[in-house]
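Taken from Swiss-Prot as is:
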SIGNAL    1-20  signal peptide
CARBOHYD  87  N-linked glycosylation site
CARBOHYD  142  N-linked glycosylation site
CARBOHYD  246  N-linked glycosylation site
ACT_SITE  310  active site
CARBOHYD  326  N-linked glycosylation site
CARBOHYD  385  N-linked glycosylation site
CARBOHYD  391  N-linked glycosylation site
CARBOHYD  404  N-linked glycosylation site
CARBOHYD  438  N-linked glycosylation site
CARBOHYD  475  N-linked glycosylation site
CARBOHYD  479  N-linked glycosylation site
CARBOHYD  516  N-linked glycosylation site
CARBOHYD  677  N-linked glycosylation site
């Protein structure tokens, strides 16, 4: 949809709500997954800052930096007429010219780099760093890396903002967990583990974007999305805009919300986005249990933090959810339930009518707009050139650090290797085959802007010491074999073969789920023919979601298999360096690679994690089948010896009541505190230098059945260990990480026998016992709606 370049045109686009309400011809959003946004929602506007030195507000407390951000915002909003107030409730706000308040855009994207920024065609501000997609970043198991990436994105965002090319709020991160492998947006997430990985990613990304934990001066405002129970786009015709997800209290507490708890309570995120879908009959953006009882009252979301709708989801409360009788009622229901700002124009078009019908009051509208502007106060939006971060410029975008971090080889996962990798120095010529070999923007996944450069695998290998024979071979989804002969010819005259394929955003994307998890098109057929040539064969499996690579795993002539995700602007160079041994792989899968039949065994809309009926269980915690590659799988180029650290003594038994009676300075709740440190000695016993990564799992039969196979309680990454060198790795284990979730959604610590085991190989196992009485660590609140539906 083309953007409107004038705020005057934006205002002219607002139709009388009575005429719009009378139109009863609606899109079928039960099947259509892409909302039809109005031009105003996606408009390009002139971004600038208020003048608190000489402007109309300069003598008011709005410009008084000694007054609290909330009071300054409240003073500003008190000056608005009702029309001006309503105009401020959408993502695109025209501002208030008579007060010197410029237009503002809430909707900016920063998933793995800047998107929706106003880029120039060339020169300054024509690009920003494009990092790998989050699922690949999380596979590195490096919390520091996540924070560094977010901090660089935030710095670049502020530099663009200072130049009038970006807002100060970003609709990132996506912290939904990758529950089902067909989901098109799993690539945007930290993987399938909610309690540990998604929560850790949320904390590091949010604090990197915002400039710390609840800093006095915010760098940017992060938005934790999509709250909650959102992980389907259009599977089998089930549109995300109309899905009503049936989720038990147990699964809501255990899987669909713990990352939002960490985002709100620990990272102090300033914004949360409610999702398109309904949960248990109530659309998320009109769900006062979600938005007030759970998020604010239970999770501790900051009082002046604001909740934004997903784009047009306030409208979806009416169509297709039919939770409200009409659009004005949907708007009233959403804001009264706690959705402060509407990404879209439903609030702006229908609030006047809702006020006239006594469906809501001015105070209901003010509450959300004050929260938005309170954050802008914390961002220094009103404070002139002396405010924090206002000095950032294009020079801060063009930094060596951003180049180095964007070359993110750490997440690459070695799935299979018979010793072929790293390539022997005797290999002088290489055949490069496949649809992922000569790519450009495919490297970036989705939600991306212009990058300074895009290095494809073909580019990188052509710049290496190797002689390259390139052939396209076949497309991602093509059923043609026309390119096979050229691919085989290139392979026959080469010392080794690399095939790069898998899936891309033509098959997995926002609004697009897969119906299967097989390798698409004729790719496997071509790989099989290449494998019969008697040459070393390396396969690069690319894309965010997994495909069933069992045939490649079992084929002895496929020597090595690498998962490379969406590796960003330097992706080809990173893959080259892994293959040639300049860098060693140490990433681990943060999802399960299931066999192909998993995708058709049960509906992807079945949100139950535990096995039942045809559902064999979801995620590594509950899946009862045999995966192709397990969650946490990842090989190295070297070998490691892992043993208990002898100097660290760990008690074999802990009393539950004693643990909970401890003082807990620095922690809001005692259960957040580590009660032991799992410390191991890691020795590189091989010949190659390498990082080392580890996941620590717990398991038990304490508490009620059914029991999870295991669950993740911690992870870590050690930087490079040279041959014969050793380092200690310590993974703290918190009290809460050992708890289970009962059917009511309560987190309960049960007495019984437990094990802590390092990695899937269980290379070090620590048995321990908890004694005493079961203890409820946190109680799940009663699920009820606080706000009666609007009647019109």
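The backbone N, Cα and C atoms fix where each Cβ goes, and this holds for glycine too.
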Give the three-state DSSP assignment (helix, strand or coil) for residue 385 (N-linked glycosylation site).
helix
Would you count the other CB atoms within 10 A of the CB of residue 475 (N-linked glycosylation site), including those on all shown protein chains?
17
Sequence gap of 6 or more, C-beta under 8 Å: which same-chain residues meet both conditions with respect to residue 516 (N-linked glycosylation site)?
182, 596, 599, 600
Including all protein chains displayed, how many Cβ atoms other than that of the residue listed as 'active site' lie within 10 Å of its Cβ?
26
Could you round the CA separation between residue 246 (N-linked glycosylation site) and residue 677 (N-linked glycosylation site) to a whole angstrom and send it over?
38
Spatially, which candidate from the recorded positions 87, 310, 391, 475, 479 is nearest to residue 404 (N-linked glycosylation site), comparing Cα atoms?
391
Let me make sure I understand the structure: which of the glycosylation sites listed (142, 326, 677) has the fewest other Cβ atoms within 10 A of its Cβ?
677
Taking the Cα atoms as reference points, how far is residue 142 (N-linked glycosylation site) from residue 479 (N-linked glycosylation site) in Å?
40
Given the glycosylation sites 87, 246, 385, 404, 438, which one is most crowded in terms of C-beta atoms within 10 angstroms?
87
What does the structure give for the C-alpha distance between residue 475 (N-linked glycosylation site) and residue 438 (N-linked glycosylation site)? Integer Å is fine.
11
Cβ-Cβ distance under 8 Å to residue 391 (N-linked glycosylation site), same chain, at least six residues away:
162, 385
